[in-house]
Amino acid sequence: MESEASTGVAEAEEHDPESNSLEQPLLKRSPTLSSNPLALVGAKVSHIESLDYEINENDLFKHDWRSRSKVQVLQYVFLKWTLAFLVGLLTGGIASLINLAIENIAGLKLMVVTELVDKGKYLTGFAYFAGVNLVLTAVGAVLCVVFAPTAAGPGIPEIKAYLNGVDTPNMFGASTLIVKIIGSIGAVSAGLDLGKEGPLVHIGTCIASLLGNGGTEEYRIKWKWLRYFNNDRDRRDLITCGSASGVCAAFRAPVGGVLFALEEVATWWRSALLWRTFFSTAVVVVVLRAFMEFCNSGRCGLFGKGGLILFDVSDVTVSYHAMDLLPVVVIGIIGGVLGGLYNYVLHKVLRLYNLINERGRIHKLLLALSVSLFTSVCLYSLPFVASCYPCDPSLPDDTCPTTGRTGNFKQFNCPPGYYNDLASLLHSTSDDAVRNIFSTSTPTEFHPLSLLIFFVLYCVLGLITFGIAVPSGLFLPIILMGSAYGRLLGLAMSHYTNIDQGLYAVLGAASLMAGSMRMTVSLCVIFLELTNNLLLLPITMIVLLISKTVGDIFNPSIYEIILHLKGLPFLEAHAEPWMRNLSVRELAAAKPSVVTLRGVEKVARVVEVLQNTTHNGFPVVDEGVVPPVGLPMGATELHGLVLRSHMIAVLRKKWFLQEKRRTEEWEVREWFTSVDLAERGKKIEQVEVTEEEMEMYVDLHPFTNTTPHTVVESMSVAKAVVLFRQVGLRHLLIVPKYQAAGMSPVTGILTRQDLRAHNILAAFPHLAKSKRREKGKMNQ
């Protein structure tokens with residue numbers, strides 16, 4: 001019974017829900033159980049509904065399932081695998097084009113700047129560097145602000161919410177996809193401290209959604225085969241394949257992509273879905289490999305070794321002893337502490353940015369351009385602070401200083417035979433910067449002061465860049481920050497350890513990612529596929545486990561924080577302990593009375609209910625039915641649950657009866673199919689019903705889900721939360737423990753909003769006090 005009180009809507013229109021101080025939630029909610037289902041999606045406060053992941057077993061669905069031939073079943077299976085293949089193919093192709101564009105645009109920009117600096121034209125070099133960065137940032141920001149606000153940010157929190165069962169409006173549209181692609185190219189090429197990894201995950205899910213829908217809402221391909229995917233359940237599986245393909249495209253890590261989808265974004269999983277996601281990521285890897293083979297011949301401009309990060313250390317012998325475990329543990333602890341601190345500060349920055357962004361489009365654009373200008377100043381000027389170091393005479397003459405874009409020995413503002421180590425990190429593309437700082441067998445190339453400057457700079461840039469109106473990912477900033485302090489620790493421990501400094505950088509990056517994002521298994525496999533060295537596996541596992549454990553002490557993961565800020569009703573895997581002290585009967589009593597309908601209802605009654613409520617599900621109750629043998633006459637039957645969208649579909653087709661009667665199965669099949677009921681988004685205001693039609697009847701039995709999930713009213717809320725999330729429900733009916741004559745067979749309905757801890761505590765303040773007491777006892 002997802003409800004949105006009319007007064008709440010009026011208040012939301014009169015008072016901007018975002019206009020509050022930094023210490024208040026971004027969305028103000030009414031202190032009742034039936035809180036307004038509002039969330040920040042993109043730049044707007046949107047009405048949020050749940051998705052129908054549960055199979056709706058009404059008469060039409062049963063007939064459709066029974067009447068499917070073997071050929072149609074094979075078509076359905078074939079289509080699922082075909083779409084999984086297309087998701088991998090298109091995601092890999094688009095990722096290749098994004099990498100190609102970034103490497104060429106950023107590479108050309110850096111080459112021109114290097115030439116200007118070599119000629120002593122410092123101001124001209126800065127003007128060119130900052131100007132190009134401003135233009136590239138403006139392209140991404142204008143597209144996001146004007147055409148697709150939902151394309152800003154990484155998109156991963158919204159994907160998590162969608163796969164959890166929350167319909168996030170406009171998140172997977174064609175405009176979002178196009179802006180995400182162009183905006184990612186502009187933002188990353190501009191040198192902003194953000195990555196393309198998060199946007200690639202969003203791009204993969206957009207592709208999957210568009211394929212499943214047959215195109216956009218305005219221009220859809222209505223092939224007969226595609227009707228099988230006209231439901232939320234199959235679309236969810238396809239979007240899961242898209243998220244795995246996006247991670248695979250970012251890191252060339254097929255198994256890591258599958259595990260990322262399993263561990264981080266997907267709420268519901270099964271073995272068949274595992275095979276399809278793995279198939280999609282395998283296709284992505286094949287496409288990326290073919291693309292790199294093609295570019296190795298020099299036909300891709302400046303794209304050479306850059307792009308598509310792969311830190312291959314398979315030829316590096318990794319040997320470590322008991323003493324080496326101490327710095328590994330230290331890296332894990334530092335990663336957890338810094339990850340928790342990073343999440344805390346970023347939380348505050350996002351609140352501040354929200355106050356700026358709510359002032360309008362111009363302020364969003366100015367904020368993005370200001371961050372771009374500050375970034376350009378730092379990246380251009382700081383290498384002048386670093387010292388020049390002489391090249392190692394043992395190196396080949398063409399190695400130091402580096403000729404071209406890649407390498408650790410940039411001559412930036414240094415005399416011949418000398419190099420600037422900080423320039424090799426700051427004046428290179430993001431993938432090259434990672435490759436440089438990860439480089440092995442380079443114990444003296446990077447100096448402590450340069451690494452410290454690099455670490456502090458990227459900490460600041462990472463905090464102020466995430467949240468501006470451009471597509472952005474968190475992976476790359478965290479990798480760069482973590483690798484910097486990992487390499488610093490490697491320098492400090494160089495006399496006491498056998499582990500290479502480049503491997504310390506890898507461990508540092510892994511620790512900070514686990515400390516901030518709280519991923520373990522998928523992250524371990526991603527780094528294993530990046531390094532291509534199994535010998536690193538044990539110490540990587542230790543670092544990840546320690547970092548996540550330490551980080552969990554301080555705060556949730558960064559994605560959970562963003563979900564909370566946006567107000568997306570995400571249901572966690574585990575219920576709060578205090579929820580066991582509350583029954584679903586008590587929870588239902590805090591809500592308005594349940595609205596029920598009869599199996600054969602007057603059209604006027606149906607229209608009245610739809611116009612005066614915002615519930616999306618209604619119990620269908622028949623009174624005075626002939627019961628089975630052994631029951632008293634005149635029994636009351638709970639026939640099932642009918643959805644709002646199905647009733648609107650009936651009203652739009654005007655399937656009305658002159659007299660009050662139940663229809664035959666063949667009658668409804670002449671007017672409807674199960675595909676007709678899958679359409680969503682229609683509103684009762686769009687339906688016109690005449691006064692004569694109001695006096696007619698409609699039979700709701702054929703459209704009613706006769707197998708809704710029910711729970712006894714004595715069940716604890718904690719158990720209901722676990723059931724709701726694991727089964728992927730939208731509605732959960734509450735039935736009485738004792739049945740008496742004249743008593744309704746259903747006492748209430750629970751939905752996602754009702755089971756959120758925040759809403760329950762608002763309706764039952766005494767539980768909040770007991771929660772605080774429990775925390776106090778644990779801390780003693």
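Counting starts with 1 at the first residue shown.
Every residue gets a Cβ built from N, Cα and C, even glycine.
The domain 'CBS' annotation in TrEMBL covers 593-652 (among others).
Per TrEMBL, domain 'CBS' is recorded for 707-760 (among others). In the domain 'CBS' (707-760), helix, strand and coil residues by DSSP number 18 helix, 11 strand, 25 coil.
Annotated region 'Disordered' per TrEMBL: 1-30, in sequence order.
Here TrEMBL flags 76-102 (among others) as transmembrane segment.
Look at TrEMBL and you will find 122-148 (among others) tagged as transmembrane segment.
Positions annotated as transmembrane segment by TrEMBL: 273-292 (among others).
TrEMBL lists 325-345 (among others) with the feature transmembrane segment. Counting only same-chain residues 6+ beyond the ends of the transmembrane segment (325-345), those with a CB under 8 A from a CB of the stretch are 459, 462-463, 478, 481-482, 485-486, 489-490, 493, 496-497, 499, 504, 507-508, 510-517, 539, 542-551, 553-558, 561.
According to TrEMBL, the feature transmembrane segment maps to 365-386 (among others). Residues 113, 125-126, 129-130, 133-134, 137-138, 140-142, 145, 190-193, 353, 356-357, 410, 412-413, 420-423, 426-427, 449-450, 453, 457, 461, 464-465, 468-470 of the same chain, all 6+ positions outside the transmembrane segment (365-386), place their C-beta atoms under 8 angstroms from a C-beta of that stretch.
Here TrEMBL flags 451-481 (among others) as transmembrane segment.
Annotation comment: TrEMBL describes 534-554 (among others) as transmembrane segment.
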Grab the pLDDT values for the domain 'CBS' (593-652) and give me their mean, rounded.
85
What residues elsewhere in the chain lie close to the transmembrane segment (76-102), defined as a C-beta under 8 angstroms and at least 6 residues from its ends?
68, 181, 184-185, 188-189, 196, 200, 203-204, 207-208, 211-212, 225-226, 228-229, 234, 237-238, 241-242, 245-246, 248-250, 276-277, 279-288, 291, 295, 300-301, 303, 307-308, 429, 431
